[in-house]
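S.K.: Can you keep this structure in mind? I'll have questions shortly.
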Amino acid sequence: MTAPPPLTWLYAPGDRPRVVAKALASGADVVVIDLEDAVAPDRKAYARAACAELLSDPQPVPVHVRVNALAGPWGEADLAAVAPAGGLAGLAGLRLPKVSSPADVVRVARRTASARGGAPGLHALLETALGIERAHDVATAHPALRGISIGEEDLRTDLGVHDDAGLDWSRSRVVVAARAAGLAPPAQSVHPDIRDLDGLRASCARGRALGFLGRAAVHPRQLPVIACAYLPTQEEIERAETVVKAAAGEQGAQALPDGRFVDAAVVAAARRVLSLARRP
């Protein structure tokens, strides 16, 4: 059976090993060790070394590393440390910031390809207007690419957008680009106010309506809100079960007693709901 998709991606600063340890025990589906924005310049080398040491051993949950951009002064050293030629047992993926072209992905894929069978799974963060404009080209850049998502704070700055609704077009574009490329639905960007759980809940509902699946977080208290927002409700599960049972009769397109029309697309959507509902 295919593993259920991750819903929660928890960031932890790479220069704070105790915070990373708490993140690994938080229940997040994926932990993202951040070597970029969360780490001051004079702490970059320490964060890099601490991350590499941790990932030399397998970890209890998938761990991704957000490296610094290769165009900057720290990116190459990050890749050398956390994605060496022999690989690291605890590394599940790399998150690439400020990707603006397919070449950015290809460069990292070639740089990190190991003798053990290729590059680690790559995830491209689109954080500029140019990155959004090239979303599908980025999403199809290399077989090692596993996903794309938005870095909303940097994108807001680049676009000069202050109202949240001003990002909806960019969000939809990234969702469509990911699906058109055969990638999983992207996860939402972080909700930066860790105290505003009601706002997080409402934002997740909006993201789910746009086609996102799951969300990045910056604090463990956000995790249950995100998971609850993206898991199907009991009513949704029951409706999906009804659809799948009706489809088992192999009668083709049909109408259910409640008036819903059932065809192949509706059945596929129902099966996705049930797959999410079976998460442990």
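If you go along the chain as it appears here, the first residue is 1 and each next one adds 1.
Here the Cβ of each residue, glycine as well, is placed from N, Cα and C on the backbone.
What TrEMBL lists as substrate binding site is R66, E127. Taken from TrEMBL, the feature Mg(2+) binding site applies to E127, D154. The domain 'HpcH/HpaI aldolase/citrate lyase' feature in TrEMBL is assigned to 9-220.
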S.K.: Where among the binding-site residues E127, D154 do you find the Cβ with the fewest other Cβ atoms within 10 Å?
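M.R.: Looking at the binding-site residues E127, D154, the Cβ with the fewest others within 10 Å is that of D154.
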S.K.: Could you find out if DSSP has R66 (substrate binding site) as helix, strand or coil?
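M.R.: DSSP assigns R66 (substrate binding site) to strand.
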S.K.: Would you kindly give the Cα-Cα distance separating D154 (Mg(2+) binding site) and E127 (substrate binding site), rounded to the nearest Å?
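M.R.: Per the Cα atoms, E127 (substrate binding site) and D154 (Mg(2+) binding site) stand 5 Å apart.
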S.K.: Enter the number of other CB atoms within 10 angstroms of the CB of R66 (substrate binding site).
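M.R.: R66 (substrate binding site): 24 neighbouring Cβ atoms within 10 Å.
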S.K.: Cα of D154 (Mg(2+) binding site) to Cα of R66 (substrate binding site): how many Å, rounded?
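M.R.: Here the two Cα atoms lie 15 Å apart.
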